[in-house]
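Per TrEMBL, these features apply:
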type: DOMAIN; residues: B:77-277; note: domain 'ABC transmembrane type-1'
type: TRANSMEM; residues: B:12-34; note: transmembrane segment
type: TRANSMEM; residues: B:81-100; note: transmembrane segment
type: TRANSMEM; residues: B:112-132; note: transmembrane segment
type: TRANSMEM; residues: B:144-164; note: transmembrane segment
type: TRANSMEM; residues: B:186-208; note: transmembrane segment
type: TRANSMEM; residues: B:268-288; note: transmembrane segment
Amino acid sequence: MLKASQEVALRTQLGTTNRKTSWRRKILHNWELYLFIAPCMLYFIIFNYVPMYGVQIAFKNFLPVKGIAGSDWVGFDHFERFFHSYYFWDLLWNTFSISLYELAIGFPLPILLALAFNEIKNGLFKRSVQTVTYAPHFISIVVMAGMIITFLSPSSGILIRMIEWVGLQPASFLEDPRWFKTVYVLSGVWQSAGWGTIIYLAALSAVDPQLHEAAIVDGASRLKRVLHINIPTIIPTIAILLILNVGNILGVGYEKILLLQNSLNIESSDVISTFVYRSGLLSNQLSFSTAVGLFNSVVNAILLLTVNRIAKKTSDNSLW
Amino acid sequence: MVSAIKESKGDKLFLVLVYLFLTAALIVVLYPLIYMVSASISTPKYVNSGEMWLLPKGLTLEGYKLVFGNAKIWVGYRNTIVYTAIGTLINLAVTLPAAYALSRSDFVGRKFFMIVILVTMFFSGGLVPTYLVVKNLGLINSMWALILPVSASVWNIIVARTFFQSTIPKELQEAAHIDGCTNMRLFMRIVLPLSAPIIAVMALFYGVGHWNSYFTALIYLNQESKFPLQMVLRQILVLQQMGAETNGAVLNGDAASLAASKAEIASLVKYAVIIVSTLPIIAVYPFLQRYFVQGVMIGSVKG
């Protein structure tokens, strides 16, 4: 008895120091783990955090001779120039509308596909459809753009031929600004809708089969079970992906647009990121284009936070 | 799933609609793929006129001959293989040890490191500041400009970390420590051999990324001899410039080639070059599909 109580007293006395030494011991014992993570940290510092430091040139008149720190501050001059430029609203509209168009068509389709996959038995048909629809995901952007240009070529494109066969008058899809967004969005859907189902299929695999059994006993039809069991199960996944998508609404990438852009369709194909590329790296307006890029990411961050907050308030789904 | 009870008429109709929908999806995605393969081995005359619309017509391998006879494409191919191999090795060497360290609950500071990594998902310096860093490091026009700025991806680190957390039993690591095994030995001799699936997934994700990327080459390289395949493809497919070499070869070639018009040659080459550049990925893809899907699923669990 005495021994036990003594021990307890001793332990409480030593408790704090013990924890400290074990903490220190853990660090010393695991010193190699710091070695493991060092290259990774070095990478993120050099190629992510140093550029973040470099963002200050958006508020400066950056001259490579003077360096980032040595260049003169100009405040919000570059931003004002951008906001007052004649192309500001066009860029903003193109970026927004392409994103929304993409979201409206590209977002629901993988969900529908996944729900359909989930309804049919595992077998040759299901596997073949999955293999085929996933495949375009691995086609490079350059090949994708090449395919679009070839298929829509007025003189020899197969899609143009098909439209003629149906008896319609094909438009000049790549030169007419009115068609650019549709071409961009539909080709993107063709490439990524199949791959996009994977994440929903993972969520659907979590549905408890007993729910379906009980529903069948109660006489629920397939459609009813999809609506009342499958869809509610994937709602959290849908919500999170929707938040991420809306948060990236000004983040239309330049890689595919640059390849499809030409002097005839630029009126509707020029988005903020392609403009940053052109003015920054081709015209060498380094500070100005950094300011434009910064404006873009700030808007994205605000959108992400807002949508996340709305989602949190109206439902229980949010990123954090 | 549960088919013990007879399906009602409505359910049957519903299933028919599901099959129709999926068949439509299958046709829409598959058709362009088949068309390109067929077009690459058909006579351009039939392709351009629309007479060839599904199965090859007027079989010819001329397009492939032109592609394989083009030195630029060979150089691009070789460059891409080198960049992909070295780039992927570096990706693995950076990602796997870091992900393992982050998976260890007794790793003091892992929360901090995790935040450092996650922040980069939401904030970035943007195009120009990143370009300036690469330039200041003296990497312009070097293959390292295509490799080092993409040494790791946040997504892949998270996927690998989740894998280590869920598949390497904690007891194993504790037992190894009691036996006096160092972390380095533990990682090299026990953890890595147990992690073949995740190593495959990582290598594939990163490898496909390197193989398909063109933008870093567009902004950082200006010497044609260093161009990866995708840049050569861009010239042929998008800018529609065939190497002078190929045109020359045709002009000096046999009568049949001479007769073919320039446009026809261009179209022949286009389809063949698409097939040749995409083949390595398309050929291995059905065998590795399982791993790719696994990777996305592991990521989405934690996502």
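Placed from the backbone N, Cα and C atoms, the Cβ positions cover glycine too.
Just so you know, TrEMBL annotations are computer predictions that nobody has curated.
Remote same-chain partners of the transmembrane segment (B:268-288), defined as residues 6 or more beyond its termini with a Cβ less than 8 Å from a stretch Cβ, comprise 36-37, 39-40, 44, 47, 60, 62-64, 66-68, 70, 73, 200, 204, 208, 211-212, 229-230, 233, 236-237, 242, 246, 260.
The transmembrane segment (B:144-164) makes no contact with the transmembrane segment (B:12-34): fewer than 3 of their CB pairs lie within 8 A, with pairs spaced 6 or more apart in sequence. Note on the transmembrane segment (B:12-34): residues 54 of its chain, located 6 or more positions outside it, place their CB under 8 angstroms from a CB of the stretch.
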